Amino acid sequence: MAADPVFDEKTVGETKQPPPTSDHDIENGTTHTAELRRGLQGRHMQMIAIGGSIGAGLFVGSGGALQSGGPASLVIGFIIIGMMLLCTVQALGELAVLYPVNGAFFNYSVRFIDKSWGFAMGYQYAIGWLITLPFEITAAGITISYWHEYNIGIWIAVFLTTLIIVQVFGVKGYGEVEFVLGIIKVVAVLGFIIFGIIVNCGGVPTDDRGYIGFRYWNGKDGNHAFRNGFKGFCSVFVTAAFAFGGTEMVGLAAAEAADPRKSLPKATKQVFWRIAGFYVVSLLIMGIIVPNSSEDLLGSSGANTKASPFVLAIKYAGVKGLPSVFNAVITISVMSVANSCTYGSTRTLQALAAAGMAPRWLGYIDKKGRPLWPVVIQMAFGLLAFINESADGSTVFTWLLSLTGLSSFFVWGSICLSHIRFRQGWKAAGRSVDDLPFKSQLGVYGSYFGVFLVVICLIATFYISLFPIGGSPNAEAFFESYIAAPIAIALFAGWKIYTKDWSFGIRVEDMDLDSGRRDYADLPPPEPARNLSIGRRMSQAIF
């Protein structure tokens with residue numbers, strides 16, 4: 001099948017504006033004229049990269065990890081997952097700048113790994129966001145109970161209606177909401193870091209603990225740097241993956257970015273600051289000033305903000321009023337992630353339909369660039385939040401969320417593997433890496449390291465699922481934690497059976513290296529690094 005023409009930005013109309021993004025063939029897929037709008041500017045992309053997924057995973061879920069693994073395990077675990085994400089985002093940046101196509105990493109798995117594996121990853125990713133949305137809406141509703149006990153159903157309806165209104169404005173609505181809410185989250189985390197340093201130094205008059213130091217790391221009063229040994233350490237990985245989930249959204253947004261070559265590299269570099277500053281530093285300080293033996297941390301699951309370690313840190317310092325402020329930040333953060341859920345699922349479902357891997361009607365996009373039917377499906381899944389009104393609601397939700405427990409590891413591993421396979425195909429075609437508009441700063445070896453870390457984390461999670469902390473092997477507990485793995489295998493095998501394609505893997509000589517490729521040949525090249533000062537080189541490497 002013929003490849004789509006390579007896009008040249010300088011030949012599209014007299015205004016030289018980048019055109020909308022069109023779906024391209026994926027060999028066995030369909031082609032139509034539906035178009036997504038390139039409405040995301042550089043500021044949107046950078047804020048999505050920095051604060052896009054900062055939410056309940058960091059502000060609430062980290063408390064459970066602190067209690068089960070201890071502060072040292074918490075920080076080290078997040079550093080390991082952060083290293084994995086750095087490798088993943090760099091690989092994704094290289095691919096997404098060259099191929100800013102609908103579906104992004106799902107598309108790359110189809111093109112460079114295996115069609116059936118791409119099918120499995122696409123559906124895992126879409127289902128993950130579909131199910132996460134009602135959870136996040138419920139979480140936002142529960143945060144309100146910090147101030148007053150209202151019927152949660154009222155707030156579920158309010159937040160769901162708000163998300164529907166945002167969808168009316170399409171990708172610009174998503175971008176502007178994430179930009180504003182992202183700024184609030186970034187300021188809140190920076191504020192907490194400063195506050196935590198002051199608390200640790202004994203600078204809060206209402207806190208009678210004085211200088212704290214590392215007293216909660218020394219094994220006294222039930223506080224340990226490493227709680228529950230190796231099991232406690234392994235238990236941190238899933239929490240960290242959930243907290244970092246959505247980082248890859250930058251690549252998904254590439255198809256709707258006005259200038260991917262300019263905005264994507266900057267956005268991928270911002271991930272360094274997000275991991276180092278907003279996660280590792282804030283968690284280190286939180287682990288210093290919050291006792292990990294506190295019984296209050298036992299409720300740090302779901303959206304119970306009264307058990308948020310960040311709120312507890314402020315509460316223990318005796319500062320009145322500030323816990324309510326940070327609770328409001330958590331509410332905003334949860335709604336931000338809910339907004340990302342809607343974006344991630346709808347774009348992936350639309351891309352699956354464009355590839356012939358979902359009902360064709362899901363690929364419909366209206367004149368304003370909105371994938372209407374995927375949006376309707378996502379909002380319908382949002383109604384599952386009302387399950388919490390039933391007696392068995394929490395049990396149902398636990399099993400629904402278990403479907404997505406490991407999906408991030410599979411998606412991130414697939415991105416790194418796609419990058420490795422792409423480089424192999426690019427080399428086999430006689431092309432030079434110097435021809436790439438953006439190269440991963442970690443190179444292909446960074447992707448190998450990323451795959452290695454994914455495998456290690458999957459093994460560690462398998463171990464803790466089979467042998468849980470404080471319990472004996474339990475089939476229900478195991479599948480609740482690890483069911484995403486057999487589901488991925490079932491999706492992969494199901495598409496193999498449906499298509500009767502029994503081969504595995506795309507041969508390097510058969511890889512499609514041109515469909516959807518963005519041509520930047522006529523645009524001014526970036527200033528060579530050798531012409532920059534040492535200070536500018538360091539700045540460009542990070543910012």
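Including glycine, each Cβ sits where the backbone N, Cα and C put it.
Just so you know, TrEMBL annotations never went through curation; they're auto-generated.
Going by TrEMBL, these are the annotated features:
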| type | residues | note |
| --- | --- | --- |
| REGION | 1-28 | region 'Disordered' |
| DOMAIN | 44-502 | domain 'Amino acid permease/ SLC12A' |
| TRANSMEM | 47-66 | transmembrane segment |
| TRANSMEM | 72-101 | transmembrane segment |
| TRANSMEM | 122-146 | transmembrane segment |
| TRANSMEM | 152-171 | transmembrane segment |
| TRANSMEM | 178-199 | transmembrane segment |
| TRANSMEM | 271-290 | transmembrane segment |
| TRANSMEM | 399-422 | transmembrane segment |
| TRANSMEM | 442-466 | transmembrane segment |
| TRANSMEM | 478-498 | transmembrane segment |
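Counting Cβ pairs closer than 8 Å and at least 6 residues apart in sequence, the transmembrane segment (271-290) and the transmembrane segment (72-101) reach three or more and so form a contact. When pLDDT values are averaged over the domain 'Amino acid permease/ SLC12A' (44-502), the model yields 86.
Against the transmembrane segment (122-146), stretch 152-171 shows more Cβ pairs under 8 Å than any other of 72-101, 152-171, 178-199, 442-466, 478-498. Highlighted: of the candidate stretches 72-101, 178-199, 478-498, 72-101 has the greatest count of Cβ pairs under 8 Å to the transmembrane segment (442-466).
Counting only same-chain residues 6+ beyond the ends of the transmembrane segment (72-101), those with a CB under 8 A from a CB of the stretch are 21, 24, 49, 62, 65-66, 107-108, 217, 225-227, 232-233, 235-237, 239-241, 243-244, 247-248, 250-251, 254-255, 257, 260-261, 264-265, 267-268, 271-272, 275-276, 279-280, 283-284, 287, 351, 412, 415-416, 418-419, 422, 436-442, 446-447, 449-450, 453-454, 457, 516-518.
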